[in-house]
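Notes to accompany the following structure.
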Amino acid sequence: MTVNAAEAAGQQAEHIQAKEAVHEKIPEAGALKQEEGQMEVETKQEEQAPQQQQQQQQQQQQDQKQREEAEQLVARNALQASIEAKRERSYYYAHAPRQTCEERAPLPVPVVLERAVVEVPPTVEGIFNYAWADEGEVVKIYIPLEGVGAKCSDDDIKATFEARLMQIDVHGFKPRQVHRLLISKLSGDIAPADCRVRRLANKVVVSLKKAGGGRKWYNLSGV
């Protein structure tokens, strides 16, 4: 009976210790749950922080836009008030855009003006290579020009005769050039109406009719 009582007392003591241990673990479990709940709250707060910041930025942008619109409205009202008060004397009236029922004039269309053709006068090339002969009542002058008969027509050869002057112009022998033989003071008088010029294959022949007889010429040009 004594042994059984001792065992019973020991078992009762162990049972009491087990209850105390359970009571000690219960607060620990509660504290753990409380800590886990706090962590969940903090995690949610961290997740919501970027969204809150974005919402704050959007709100700030919206507030800024509203302030700018309000400032523009105030400026427009001030401009309109100045125009109505001073009309033409207002600086804003002079520089403000106006709405009219008139259509804008069309932009000018560039027009190409007619291009004028500028004729460049031909250059004059003097003729210094020639021969002449006194044949009594007529003096003949020979101007060698290779191929002049094919290159030029009779209309290309212009002759001017005066009492003591002779000028022969050959056009078209070379591009943009006039070949000219000019003797402004002949050795004697000539009869301009009876003087002639001819175009041959390779030369131009000039016939000068002497005036008042057949006095001999010793030079083609006189002093």
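One is the number of the first residue shown, and numbering goes on along the chain from there.
Yeah, the Cβs are placed from backbone N, Cα and C, and that goes for glycine too.
Feature annotation from TrEMBL assigns compositional bias 'Basic and acidic residues' to 16-47. Residues or ranges marked as compositional bias 'Low complexity' in TrEMBL: 48-63. Under the heading domain 'CS', TrEMBL lists 125-221. According to TrEMBL, the feature region 'Disordered' maps to 1-72.
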Checklist line | Within-chain partners of the compositional bias 'Low complexity' (48-63) [C-beta distance under 8 Å, separation at least 6 from its ends] | finding: none
Check: Taking all residues of the domain 'CS' (125-221) together, what is their mean pLDDT?
Finding: 95
Check: What are the DSSP helix, strand and coil residue counts for the compositional bias 'Low complexity' (48-63)?
Finding: 16 helix, 0 strand, 0 coil
Margin query: Is it possible to list how many residues within the domain 'CS' (125-221) are helical, extended or coil according to DSSP?
Written below: 10 helix, 46 strand, 41 coil
